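Written below as structure tokens is the structure these notes are about.
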Amino acid sequence: MHSRNHWGGSFEINGETNSNHTTDYDRSREMDWVDRAALPSSGGIHRHELDETQQSWLLGSQQEKNKKSKYVDLGCVVCSRKALKWTLWGLAAAFFLISLPIIIAKSIPAHKSRPPPPDNYTVALHKALLFFNAQKSGKLPKNNGVPWRGSSGLSDGNGTTDTKGGLVGGYYDAGDNIKFHFPMSFAMTMLSWSVIEYSHKYEAINEYDHVRELIKWGTDYLLLTFNSSASRIDKIYSQVGGSRNGSTTPDDHYCWQRPEDMDYPRAVQTANSGPDLAGEMAAALASASIVFRDNPTYSKKLVKGAETVFAFARDFGRRNPYSRGNPYIEPFYNSTGYFDEYMWGAAWLYYATGNNTYISLATNPGLSKNSKAFFMIRDLSYLTWDNKLPAAMLLLTRLRIMLSPGYPYEDMLKMYHNVTGLTMCSYLRQYQVFNWTKGGMIQLNRGEPQPLQYIANAAFLSSLFVDYLNATGAPGWNCGPTFIPSSVLRSFATSQINYILGDNPMKMSYVVGYGTKFPRHVHHRGASIPNDKKSYSCTGGWKWRDTKNLNPNNINGAMVGGPDRFDQFKDVRTNYSYTEPTLAGNAGLVAALVSLTSSGGLKIDRNTIFSAVPPLYPGTPPPPPPWKP
């Protein structure tokens, strides 16, 4: 039985193999079952044309195949093979043109660019710090950095029965071999203040560890000068060594000897009263405790010593100046008052402890009255080892403009702030408060000898005041009705330090070792006597004092006394007014230099000084507990 054939005719095929007997009709029927693509294009066989429907059935698979050869199915999108090929080639080219150079550049070791050369202030600062190494007394470390100095003063204080190991250590004050504890304490306070404000700058020039070591050398010694383990004391050792004016017996002025060769008696001075000395020592120890806050044990020891010695300063029965009537001190480092040290010491103790008792004292109206803080006396408007008023008021101004403690301190702090602004105005030449030399040096000490230590201090205070303004976003301050941009005050500071470094009529640097022209006959025993392994007697060293030859040893970093009021300088060893350096003077120079150097950035450390200060206002109360029905 045959199934239906939709194409017409039967499915039966004639079995004969002879093609000659096959009809055209039968051949045509067979062609419908043969793949047209398999038919020869020639051979005498007649091509049968198919209609459109038949072509679609027979050619559909081939068209689909050609379509698949031109496109690629990527799952989420179908794209042309040609487009895909060009895309892949483009990505490869981009890799070689962009990524490959980056990979190569990353694989090459980075070339570290050289840091910019240090500015002049940094160069001078390195040297100014070395002066303290040259002034060290006691057992010196091998890496002290001054080859012509050795251990000395190892018998100092042997007669004191209440000090373990005597009074060995500390610093010699100047060109002699005396240890004056009043200016030494001031020098340590100044160094600590500079570190607290500008530690990042010291770190940037690799002097941070060095300056901290210098401070610790001083504070370790100061802790020996009284019973620092007690809560109450009745005396302070105020000086080691010394001389009477006009003395003809062997002592620190009559003799000219290296400190390593001293063989004469060195007396120890004792103060049973001394609010000025004790107040300055408290400031030195308290400020250093902030510097060493990363060493809690030592920092606490310094704080305890500061509180003990300040309690001695405040003892009502011990209010006589430490130098009064003492011929070994009064002609050299006489103190003219002590209320400024009360303000100065109390301010530093507040920052070191956060104890409100100290800030209450520093802002007590009676203290400002007795210190004449608001009298605008010209001689009290510049910082010295004897007068701390302008520095104390600037330190308290910092508290007002940065923390704004408000009542009950605001009224006094505001007045300190106003006086500080007027003090800065007085340094500007346009207001003619002070005389100036023709060469551009401000005459803070009325043209008296050794002026440089005072202008270095003024440069530091003015530069620091500018940094306080910058830290609070203030572009300047007012001098009466006139607004003064802070850049004007900064220019004053740089002009005075530049004068010290050589921008003066003598074209001479007054810092030994800085520049090419500097003093070569410095009034200094250790620097003027050769380090030839010979010991020179008390009077045997006079030939080195009196010779016109250059000093055999340069005491690098020492800032000498400076020129006279006519900008003239005499490089003569025997004239100490011109050529003698001092510990207090160099401390002010170091502070001014670090404030002005651009190394580490022109800014202050705003917060470190407030580390121990408690919150001034109540904290935000905790949120109420969730409501429960």
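From the backbone N, Cα and C atoms, a Cβ is placed for every residue, glycine too.
Curation plays no part in TrEMBL annotations; they are all automatic predictions.
Taken from TrEMBL as is:
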ACT_SITE  H523  active site
ACT_SITE  D571  active site
ACT_SITE  E580  active site
DOMAIN    121-593  domain 'Glycoside hydrolase family 9'
REGION    1-24  region 'Disordered'
TRANSMEM  86-105  transmembrane segment
Identify which of the active-site residues D571, E580 has its Cβ surrounded by the largest number of other Cβ atoms within 10 Å, counting every protein chain shown.
E580
In angstrom units, rounded to an integer, how far apart are the Cα atoms of E580 (active site) and H523 (active site)?
5
What Cα-Cα separation, expressed in whole Å, is found between H523 (active site) and D571 (active site)?
9
Tell me the Cβ neighbour count for H523 (active site), meaning other Cβ atoms within 10 Å of its Cβ, over all protein chains shown.
25
